[in-house]
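Database features, via Swiss-Prot:
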- 124-136: compositional bias 'Acidic residues' (COMPBIAS)
- 128: phosphoserine (MOD_RES)
- 521-532: compositional bias 'Basic and acidic residues' (COMPBIAS)
- 538, 541, 563, 566: Zn(2+) 1 binding site (BINDING)
- 555, 558, 580, 583: Zn(2+) 2 binding site (BINDING)
- 604-703: domain 'PH 2' (DOMAIN)
């Protein structure tokens with residue numbers, strides 16, 4: 001908004017939030033100018049100007065702003081308590097806006113900045129926090145001050161930018177205090193469930209402590225006390241910028257948080273009363289809770305804009321040049337980290353959409369699943385070659401071959417075939433009478449498919465082949481450890497892995513001992529029926545297995561399927577050396593040789609090793625855990641078939657890491673908990689030292705750092721009632 005048109009805008013209740021000092025860094029060009037007060041505040045109406053002059057809004061008998069005086073929150077797209085209609089047009093704005101007011105879409109920080117804030121210079125944008133005192137923003141003296149600033153020397157311009165950074169940081173810390181110590185504390189004291197509080201405010205306490213106890217004191221000391229002798233900003237920002245990656249967790253949770261606020265405001269009178277009572281206070285500036293929750297989403301991009309402006313005015317030979325450039329790089333990385341978190345949420349939303357389109361036929365909503373490509377395709381009939389309309393969903397672990405349903409609402413596709421990526425092959429074919437065809441070959445079925453164009457066919461082939469290759473690389477991570485934890489897996493997954501019951505041959509003991517260290521010789525099985533029957537009953541006693549009282553085990557020498565009673569012959573202090581009666585009598589058991597110990601990882605890892613896994617804290621299973629160096633934000637878990645969902649991949653940035661309360665009395669010691677949305681996993685290490693090592697590595701990886709460049713892991717979440725470490 002032009003400075004001349006907004007000269008009569010009073011501080012009003014908005015200035016009470018920030019309470020900034022007047023001075024060169026107190027401008028608020030971005031958001032305050034988009035807050036029209038009164039129905040004709042910007043039209044030069046004498047009545048509205050007189051009302052704006054005394055700064056006292058029209059207050060109704062209930063303490064709410066009257067209907068004739070609406071203050072829309074034009075920055076966030078979320079109306080204030082007094083606004084009755086979202087995106088309502090006000091008088092004298094028809095000529096300024098071509099449509100309804102734009103709204104912010106949840107966690108999209110860039111969209112919020114681009115669509116809501118007027119196009120201003122980076123320096124003005126960095127100082128556009130709502131709630132700052134509009135002391136001289138639109139006065140005639142503003143033009144004189146800008147003209148005088150243009151004549152200032154380079155060092156004075158840098159000082160002005162530094163003062164703007166300090167001023168906006170002070171205001172921002174007050175916002176964080178309002179969210180953390182006012183809203184969050186009052187709602188907690190009112191008895192709102194802790195999971196709702198955590199869902200709304202996420203890690204706002206950590207963000208508040210970082211800015212209030214570290215970044216703001218450093219900036220204040222440097223700019224107000226040391227600037228004459230040490231005029232630098234880059235070294236401070238470079239040291240603390242990596243911690244800005246914690247914004248990724250807050251940003252990805254923003255959509256859910258806003259939804260929780262709306263839901264609980266509608267359904268809980270207590271929640272509504274507490275929130276509205278705070279919003280009426282002067283410290284809140286008559287702005288909604290949702291508006292204040294938006295501030296952290298927009299903060300990191302503003303650091304980036306301000307630092308770019310600082311670098312433009314910084315001489316090339318300045319001592320702070322190198323540190324400032326490195327700081328900009330780190331802050332840009334933090335912004336990208338937030339954007340990556342947003343993309344993860346969008347991927348999960350896409351999985352939910354596909355799940356609804358399939359009518360819930362396949363359980364695809366899993367943090368390890370990723371939808372890579374989907375599209376309409378034609379399947380050529382095996383009988384007469386007639387093309388039939390089909391739909392393909394390509395995930396990172398499977399392909400869903402679906403048939404369209406002629407419905408306007410509800411389920412749109414029915415799953416005809418599910419093909420695992422493991423063992424899948426794709427091949428381009430050339431047929432004289434049919435163009436643009438290729439074949440997908442799985443373990444159970446082959447599909448001859450046709451696309452509309454040659455480019456579309458090449459795209460499908462390339463992306464399917466790339467998905468297969470990536471899946472193979474991930475599987476290689478655990479190939480060296482498969483023998484130690486394999487239970488009953490598909491033989492085609494690893495045809496030449498160490499001896500297990502899944503091999504297409506049944507190993508038996510030989511007297512010469514010429515086959516390997518254990519003296520084993522493969523013997524062909526008679527039929528698939530026999531193999532299936534042997535897997536269902538114990539080799540020694542013949543009793544049928546079940547998941548409760550008769551669990552299956554495998555002999556570590558011959559690989560036979562046996563029950564626990566018939567596999568009590570094991571080496572001392574070696575739970576992994578279960579063997580059957582025959583092997584115990586014929587072969588000496590050496591734990592060092594029979595228990596496979598992983599010695600080398602084909603792909604280097606930040607940390608790997610055996611752990612125990614449980615989803616309920618009661619039943620535990622052995623797994624091999626690894627955080628690969630190539631993808632340090634993912635935890636891979638490899639285990640046996642008794643846990644049907646293993647192996648699995650857990651995205652660490654989407655998880656919450658915590659140490660269980662001692663009162664839970666879990667069956668295993670040295671336990672920690674990983675939680676994603678409504679799913680949780682308990683992991684247990686063999687020692688306290690190993691537990692601490694995993695906690696540090698997981699905490700560091702969850703915030704986007706690696707072991708080499710991490711400035712230190714962030715504090716873990718401490719369960720309520722437990723003392724902080």
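Each position is counted from 1, following the chain as shown.
Glycine residues also receive a Cβ, built from the backbone N, Cα and C atoms like all the rest.
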Secondary structure content, the domain 'PH 2' (604-703) (per DSSP, counts of residues): 21 helix, 43 strand, 36 coil
Most crowded position, judged by CB atoms within 10 A, among 538, 541, 563, 566, 580 as binding-site residues: 580
Distance from residue 580 (Zn(2+) 2 binding site) back to residue 538 (Zn(2+) 1 binding site), taken between C-alpha atoms, in Å: 10
Which listed residue (555, 558, 583) has most other Cβ within 10 Å, given these are binding-site residues: 555
Spatial separation of residue 566 (Zn(2+) 1 binding site) from residue 558 (Zn(2+) 2 binding site) - C-alpha basis, Å: 14
Integer average pLDDT (0 to 100) for the domain 'PH 2' (604-703): 77
DSSP three-state assignment (helix, strand or coil) for residue 563 (Zn(2+) 1 binding site): strand
Secondary structure at residue 538 (Zn(2+) 1 binding site), reduced by DSSP to three states: coil
Residue pair residue 563 (Zn(2+) 1 binding site), residue 583 (Zn(2+) 2 binding site) - Cα distance, angstrom, rounded: 15
